[in-house]
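All remarks here apply to the structure that follows.
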Amino acid sequence: MTHFLDIHTTPPDDLRAMLQQAHAMKTARAGRPRGAPDETQPLAGRMVALIFEKPSTRTRVSFDVGVRQMGGQTMVLSGADMQLGHGETIADTARVLSRYVDLVMIRTFDEAVLHEMAEHADIPVINGLTDRTHPCQIMADLMTYEEHRGPIAGRKVVWSGDGNNVCASWLQAAGQFGFDLAFTGPKQLDPEPEWVDFARGKGATVTIERDPMAAAADADLIVTDTWVSMHDAQSARERRHTLLRPYQVNDRLMAAAKPDALFMHCLPAHREEEATSGVMDGPQSVIFDEAENRLHAQKAILRWCLGT
Ligand code: CP
Ligand code: NVA
């Protein structure tokens, strides 16, 4: 069974092939209405369940549109409305869904839910974000970087802020794609050592730098994310803001990077917190290309999972 659970568990050649296919599919339908079907219909006859245990705009809409463009059908389910949210086990849910649909995408809290779903499903499972990782986002981000600047291998990516789930998938990608990653943030919010070790073990240079201006030197890309993720306790909000305020991405930080450095944010953003509107709407920002590329990257992920 071909699940898409994380960047570090997917073979690098397959990740690269997915990015190439995503680019080709994007190019092939350029200028066509969003609702127009792709010329080839690789998901014809396929039914895809999209399960959300957390809110979503981009993941929900991009998966739904992507499946439809490829000729498949979708159902969008809220975890709270399913028996899953009322005591039915993940394993039983996985077995039942396997009798109805051809693929499940799930956004959940504990990654154990994702892994249990994958273990007991007879169909592919895609990780649509957990507390720990967000691999679909990073596929779109890699695609976006390479569209603008060419191969990411050997480049320097700076993550400024919380060492969270999106940062984790960036670290996994550093190992798989061979770029350097500098994390800059407070030590209380460092990324998990497991992901730092993974990237280093694959030969990537990973640095931890408390001074954001020093980290940004020679950066090809600066990335940030919200200071309070969906899984973080609201009671931690003040503490997180205090810790993370020095790591805001603003004009000063961007000026410390290479002149042609890009800026990314997976969105949703809290403007004037983790990044200023000046940066988000400025000439180095590619945040809406990232959002668009969720659609194209995930279409390639869906085809890889389904072998179509
Ligand atoms: N970036 C991202 O996953 O956005 P949503 O939470 O809107 O899906
Ligand atoms: N780190 C954020 C990403 C949202 C797409 C969260 O988990 O809430």
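The backbone N, Cα and C atoms fix where each Cβ goes, and this holds for glycine too.
Curation plays no part in TrEMBL annotations; they are all automatic predictions.
The carbamoyl phosphate binding site feature in TrEMBL is assigned to S56, T57, R58, T59, Q83, R107, H134, P135, C136, Q137, C266, L267, R294. Contacts of Q83 (carbamoyl phosphate binding site) defined by a Cβ separation under 8 A and a same-chain sequence distance of 6+ are given as T93, in order along the sequence.
For N165, D225, S229, M230, the entry in TrEMBL reads L-ornithine binding site. DSSP assigns D225 (L-ornithine binding site) to coil in the three-state reduction, outside any helix or strand.
Counting residue by residue with DSSP, the domain 'Aspartate/ornithine carbamoyltransferase carbamoyl-P binding' (3-147) contains 67 helix, 21 strand, 57 coil. Taken from TrEMBL, the feature domain 'Aspartate/ornithine carbamoyltransferase carbamoyl-P binding' applies to 3-147.
Marked as domain 'Aspartate/ornithine carbamoyltransferase Asp/Orn-binding' by TrEMBL: 154-304.
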Beyond N165, D225, S229, M230, what residues of that chain have CB atoms within 8 A of the centre of the L-ornithine site's CB atoms?
L129, D131, H134, D162, N164, V166, T226, H231, D232
Taking ligand 1 as the reference and 6 angstroms as the Cβ limit (strictly under), which binding-site residues among C136, D225, M230, C266 are close?
C266
Considering only the binding-site residues S56, C136, D225, R294, which possess a Cβ situated under 6 angstroms from at least one atom of ligand 2?
D225
DSSP on M230 (L-ornithine binding site), three-state: which is it?
coil
What are the sequence-distant neighbours of R58 (carbamoyl phosphate binding site), meaning same chain, six or more residues apart, C-beta distance under 8 angstroms?
L267, A291, R294
